[in-house]
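This report concerns only the one structure given below.
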Amino acid sequence: AFDPLSASIVAASAAVTWHLLSSESWLKCRFQECCKKNGTLNFTALKAQLDNRLFGQHLAKDVVLKAVLGFSNNPSPKKPLMLSLHGWAGTGKNFLSQILAEQVHPAGLRSKYVHLFLATLHFPHHDQVKLYKEQLQNWIRGNVSACPSSVFIFDEMDKMHPGVIDAIKPFLDYYEEVDGVSYRKAIFIFLSNAGGDLINKAALDFWISGKRREDIQLKDLEPLLSVGVFNNKNSGLWHSSIIDRNLIDYFVPFLPLEQKHVKMCVRAEMTARGYAVDENIVQAVADEMTYFPKEQRIYSDKGCKTVQAKLDIHEDL
């Protein structure tokens, strides 16, 4: 005979099981990645990661820590967080963006909620700018609808065709919603070599005048960057409405790295490979790097970018 009580228990169990598997419950999120919707970051953990893994960038660390702390602690931000990181290759821009992404979504660049765009890979053809803009808008709209705290990283902005990035301007602006979707919990990060020459010149001027590197402040560089990038036809942000509307929260300068910073990178890489740190090897790798200006040899012209490759030839030791 049909037992109403048993049927009710089965139905209730099925409903609970369906809820646990279909919604972002604690059980489901133990076995697969779920969107981190509250957006709150562990400031102590982020600071520790930057202190231990990013070298020679006191200014970038300070700016990003304050920007991210203020954004994550704001229960109702008026717009998404928009950071534009500038400096020569090998100075830590990619590294910082990866560390930040990992703090928002622990899987980092492997997370389905962290999206990396490369200008030369995703937007290669100048004659398809209109198509790229439409695709970019649809992609961002869909991903933010799925996870409000999505992170979008745009690398090689100095190789981006002018006009493409303006497609995301409505999502960065001070709107509560755009077509029913709120973008105010998302994070957008631009990475660019554009402005690197301006940053290097300012750092060298400080050195020539006898000032400490650590005395360089954001106010010394940010105005130069915003104007320089806006007027640079090779910046990807050339005459961009994103700059014109003041939608970039911070232009973050990455200073050129000195030999002492290169040595820090070598030691960190040796430790990561499980090697005992040998200062003779550290010095040998640092000496193999090239520096500028040629006479003074103050700054590494590739930052720490080739440290891994140069350390490879010392693996037999």
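Placed from the backbone N, Cα and C atoms, the Cβ positions cover glycine too.
As given in TrEMBL:
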- G87, W88, A89, G90, T91, G92, K93, N94: ATP binding site (BINDING)
- 257-312: domain 'Torsin-1A C-terminal' (DOMAIN)
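The Cβ centroid of G87, W88, A89, G90, T91, G92, K93, N94 marks the ATP site; residues of that chain outside this set whose Cβ lies within 8 Å of it are F95, N193, F254, G303, K305, given in sequence order. Looking just at the domain 'Torsin-1A C-terminal' (257-312), the mean pLDDT is 94. Summarised by DSSP class, the composition of the domain 'Torsin-1A C-terminal' (257-312) is 30 helix, 5 strand, 21 coil. Look at the Cβ of each of the binding-site residues T91, N94 and count the other Cβ atoms within 10 Å; the largest number goes with T91. Non-local neighbourhood of G87 (ATP binding site): K93, N193, G195, G196, I199, P253, F254, L255, P256, each in the same chain, at least six residues away, with C-beta under 8 Å from its C-beta.
Other Cβ atoms within 10 Å of the Cβ of A89 (ATP binding site), summed over all protein chains shown, number 15. In the structure as shown, the Cβ atom of G92 (ATP binding site) sits within 10 Å of 27 other Cβ atoms. The Cβ of G90 (ATP binding site) lies under 8 Å from the Cβ of L257, S300, K302, G303, C304, K305, T306, each of these being in the same chain and 6 or more residues away along the sequence.
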